[in-house]
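Record features (TrEMBL):
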| type | residues | note |
| --- | --- | --- |
| REGION | 1-25 | region 'Disordered' |
| COMPBIAS | 1-22 | compositional bias 'Low complexity' |
| REGION | 505-528 | region 'Disordered' |
| COMPBIAS | 515-525 | compositional bias 'Basic and acidic residues' |
| REGION | 545-580 | region 'Disordered' |
| DOMAIN | 552-640 | domain 'PKD' |
| COMPBIAS | 556-565 | compositional bias 'Polar residues' |
| DOMAIN | 642-730 | domain 'PKD' |
| DOMAIN | 891-967 | domain 'PKD' |
Amino acid sequence: MKATRLPRTAPRAASPRFASPAGKRAGVKAPARTLGFTLLIAVSLSAAPPWVGPAFGVTPPRLSVEASYYVDQANASCSDVGPGTQAQPYCKISAALAAHHSPGTTILVMPGRYREQVAPPLSGMSGAPIVLTAMAAPGQPVVVDGTDDFSSAALWTQSSGDVWLAASVTWAPKQVFADDQRLTPSTAAPGSLPPRSFTYVAGSGLYVNAGGGNPGSHGAQVGHRAYGFYASGTSYVRIEGFTLVRGDDRCIQLDSGSSNVEIVGNTVRQAGRMGIQVAGGSAVRIAGNVVSDNGDHGIALIGGATGCTIEDNESFRNFYAPARQANGLYMFGCPNNLIQRNRWHDNQDTGEQLQSGSNNNVSLQNRSWANGDHGFDHLEATGNIHIDEVAYGNYREGFSIEGNCPNTQVFNSIATDNGLTTNEYDLYVDASSSAGFTSNDNLFWNSGAQPPVKYQTTIYPRVSDYSAVSGQDTRTVQADPRFVAPASGDFHLLVGSPAIDNANSGVSNWPATDAEGKARADDPRTPNTGLGPVAYADRGALEFQPPTNQPPTAALTVTPSSGTEPLSVRADASGSSDPDGTIVSYRFDFGDGTVVGPQPGTMATHTYAAGNWTASVQVTDSGGATATKSVAVAVAHRNLPPTAALTVTPSSGTAPLGVRADASGSSDPDGTIVSYRFDFGDGTVVGPQPGTTATHTYAAGNWTASVLVTDSGGATATKSVAVSVDGNLVGNSSFETGTQGWAPIGAATIARVAGGISGIYSLRVTSPAVGTSPYGVTDEPNWVASTPAAGVRYQVRAWVRAELGASIVSLRLRESLGASAGEWVESPQVALSLPSEELLWQELQLDYVTRWAGSTIDLQIVGQPALALQSFRVDDISIARAADGTGNLPPNAALTVTPSSGVEPLSVTADASASSDAEGPIASYRFDFGDGTVVGPQSGATATHTYAVGNWTASVQVTDAEGASTT
């Protein structure tokens, strides 16, 4: 219920809580689907004749094919076009389901995080449902996530202070998470956002104040999909084993009368509203789910859902921020359902809410505790039955039956310590609900002075006085039920509980086993005063198991039981047994001061130092009896292994690549290293040898170099280093045989001269004797004469150094296809001058992704001389096709400078706003004004500057969202 309680006789409003899903209107029937039929192997037809169709008012037969298909986004061979085998699975659940949705189909989803909304397009059929199964493993869940990942700092730009903008969010999210916590939606202006809040501004994007710093560093996640699983009018579907998180509305939504659907064994949390909701339909089974931390009810049934089973679920910590209304289970207008063996606790409102026409439901062995309103609440719902229930420590009544709820029944249930701080009751029945109310064989008790019962308008401190007036609960007990640990949700009965062996097993719908599936047990120390065929059945949800207990038998193996230190062992007590119950805990003592447990697990691991030790295990069974088993462990001293270290210099380059492997950083803690064996990964092995280094020349490829070091005691260690060697498309890269393939540009002259970076020769490039125009060298003909495809990444490298005077040198390339030519793309510039850098070679680097297939790439190495008759050297030029080409096309750069001439001081504006990218937005702009002033990288497309007298070159480098750039 809300923080402000509605009048006792007034029904609760339903419409504010339950809006129809996006795109649907209540009361409007969706158009009928047209089904196509494909005959496959193993066909199952309904009993109707095959010629009967919709025109005759009879549903046509459905075809059933039992087949399984795999989804595994982590598999490198996955594809959304199939075939869906384990070797070649689908990448997305929705893709597999779109391709395969015949009755009997099973979709097996492997571990991973799937950011998608899944909606079965068609129904299964009786005996051949469509099954969606999560193949989760310990620590490896199958997660269906309603958010998009915004944990990259690059997705955010600072707006003001701690407020950051994600401009790529073009939708209005209902939820945003930082540090795995839900942020508060705000209506404040972006500049005034309080900490831990967010707001969306159409046309601008999402503004977030994560409480300090870039939201990406807080693991930001932005809601984008309303549902994890959504079924509309779909039947015979099973959803099992998934972890569904952060649906922007609901994690699982069944709509438009979906029936015969099973939602089993899922973990559901952090939905924007309900964790699981069923709107209409029948025979839906919600079983074994863990539902928590949702923005409204954990589980909700509305719109007349009937014949459904809600069993063995746990729903807790659900919270609706605007008002108190979030229940563990909420049912509105949903009659004739079975609710059993569930755990409702720590919800903002009621544990189990039956409201407004949710009539004639049967509720068995549910436990509802520590909720912010009632344990079990009824409003305008008639004929509901409660048997073997527990309501404990709820903020208000344990059982609240009010607002015209006649014919309610409560049997064999326990309600204690409810409403202690609000002066309310374990049982409340208002005057409008007392007609037909039937209740007996319960236990109502409070640990303080708070009266346990209010019936009609009278408060009763003693249950017996209420019984005398009402005629109800004549066998009900007012005494401490002696729960094991009720505050933590353990409602097992202790020895001597007044709830033992006195229930009424003759009431209709009485369950033969308890909430844990255990048979009814007779406590020989308690008289059997129950009614019905089983006189020793207990009240409440959990049957007391008598403590007449035989001790367990402990078994222990330690593997290995001897060896050299440090000795890692596994102690295994799984062979232990108990003749009349179960072993509930194992306590391992390894004899050297290390104790593991008590724990439910049968195994523990440990690492021993040298010595003779005794490992033991103590096992405890469900009755508290123990047994111990010990095993001797002998651990000898041993030589400590060395630590291998390896560097390979250089670790990348262009073939042929000469490298030096150095293992001199290797060490040994208790001796000396006597040998080094180098394996260069391409078939070349050097050693074993006493020397710590080795040299080698690699061909093109990706290689792994390793060293095996051996110490004086024979122990070894290995270290590996990856070496990447690119194939060079430049036929004459180092000018060892001449200048063929290269031509001067800008009236330059070129000549092969002695003195190269890796060989004997290099190329001298000299500017004209007059003027300071750009000069350089170009490939002729082009080394890349025909590109294989668009989206291919090339890595271009060249080494340069000063020869005479000073020049600013850069790499440039341009792609052309017939009459079409791209923009010149330029590398970062390097400044060359004498004499201080006379012998210093510097590397120019430029990566480029092709726009076209069959195009040619023109390469230039261009210098801007400070004076006439300047020169520089160039050597080791390489063009390599990158193995990891992204397929991203570079942007187009555009630049105007206004004014472009004038008298000093000259204030100018550089404008690159005409730059563009064919595949997305420009991410950043870097302005270089040529006089040492650089602005950016920045998101803005303009920059201002004031020039002194001189002739200057201004440039802009634009970079797109994938990292490709153009200057």
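Sequential numbering from 1, following the chain as shown.
For all residues, glycine too, the Cβ spot is worked out from N, Cα and C.
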Could you put numbers on the helix, strand and coil content of the domain 'PKD' (552-640), residue by residue per DSSP?
0 helix, 54 strand, 35 coil
What is the three-state DSSP composition of the region 'Disordered' (505-528), stated as helix, strand and coil residue counts?
0 helix, 2 strand, 22 coil
State the residues, same chain only, that lie 6 or more residues beyond the ends of the compositional bias 'Basic and acidic residues' (515-525) and have a CB under 8 A from a CB inside it; answer 'none' if no residue qualifies.
340-341, 365-367, 388, 495, 500-501, 505, 534, 536-538, 541-546, 548
Using DSSP, what's the helix, strand and coil tally for the domain 'PKD' (642-730)?
0 helix, 54 strand, 35 coil
